[in-house]
Amino acid sequence: MFKKLNKKKKNQPIESNSEIDLHNVPNHVAIIMDGNGRWAKQRKLPRIKGHYQGMQTIKKITKEASDLGIKYLTLYAFSTENWTRPKNEVNYIMNLPVNFLKTFLPELIENNVKVETIGFLKELPKATLEAIDKAKEKTKTNTGLKLIFAINYGGRAEIVHSVKSIYEKLSSEGSSSDQITEQMINEYLMTHSYPDPDLLIRTSGEQRISNFLIWQVSYSEFIFNEKFWPDFDKEELINCIKIYQSRQRRFGGL
Ligand code: FPP
């Protein structure tokens, strides 16, 4: 006979009514914002409507992350592999920063949020780059939440880029590979000025990394949330943080 298991829903906090511990909020949260297309499909809408709605979620979650005292929020907005999507979808996503930042920039400034990016930005359309540069410029002295958009970003490409730069440095100095350490590789990554993510969230129920921050998430806590990104909200974020707080991080120790 099988014993009837006391079923606890996956990824539910131990005490769902418990308060969030504001002294143990993850310093760096990274999010794979997945499910925009399926959210639209469910509603018989074109995929781009899902991305539009996803952008609205970014606004809400940024505000919430800032209010909670999260210091770094890294969002996977466009991967090096996303160029293979239909042209109209790629164009729409590339236009999002232009439209979004027009309306959202004043709020970001008001909330002391600093906009930053990781990724191969040179390959972006001119208008996209200009909108991003403007947001960075206008928020550069802000000291609150760092909102880091990963755009045209891929973890493997980032590591290749880092290794090439290290090789160039060492060969120009005539130094040997003995100089190469984990710290050195870190210093040559696009994320060199950020701590590693404490918490990685992926929405939409998929359980993959999809080439996102593959070096940096070595000791991050992973949470796979069932909601499509346009439906992810304050309650879901708080729930994720409670789950994070119920975990024991050991970093390879005991
Ligand atoms: C994943 O959903 C989402 C994306 C590939 C893009 C999301 C990007 C934004 C909402 C904002 C972009 C912002 C900037 C600043 C460039 P999916 O389309 O893969 O969903 P699916 O898996 O259901 O098809």
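For all residues, glycine too, the Cβ spot is worked out from N, Cα and C.
Note that the coordinates shown come from a computational prediction; the quantities given were computed from them, not determined experimentally.
For reference, TrEMBL has these:
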{"type": "ACT_SITE", "residues": "D34", "note": "active site"}
{"type": "BINDING", "residues": "D34, E221", "note": "Mg(2+) binding site"}
{"type": "BINDING", "residues": "35-39, R47, H51, 79-81, W83, R85, R202, 208-210", "note": "substrate binding site"}
{"type": "ACT_SITE", "residues": "N82", "note": "active site, proton acceptor"}
Binding-site residues whose CB lies under 6 angstroms from ligand 1, from G35, G37, R202, I209: G35, G37
Among T80, W83, the one of these binding-site residues whose Cβ has the fewest neighbouring Cβ atoms within 10 Å: W83
For E221 (Mg(2+) binding site), the three-state class that DSSP assigns: strand
Recorded positions listed as D34, E221, least Cβ neighbours within 10 Å: E221
The residue listed as 'active site' versus R202 (substrate binding site) - Cα distance in angstrom: 7
Local backbone state of I209 (substrate binding site), from DSSP in three classes: coil
For W39 (substrate binding site), nearby residues of its own chain (Cβ under 8 Å, 6 or more apart in sequence): G50, Q53, G54, F228, W229, P230, D231
I209 (substrate binding site) to D34 (active site) - Cα separation in whole Å: 11
Cβ-based isolation winner (fewest other Cβ atoms within 10 Å) among the binding-site residues G35, G37: G37
For G37 (substrate binding site): DSSP state (helix, strand, coil): helix
Pairwise CA distance, G35 (substrate binding site) versus N82 (active site, proton acceptor), rounded so that it is a whole Å: 14
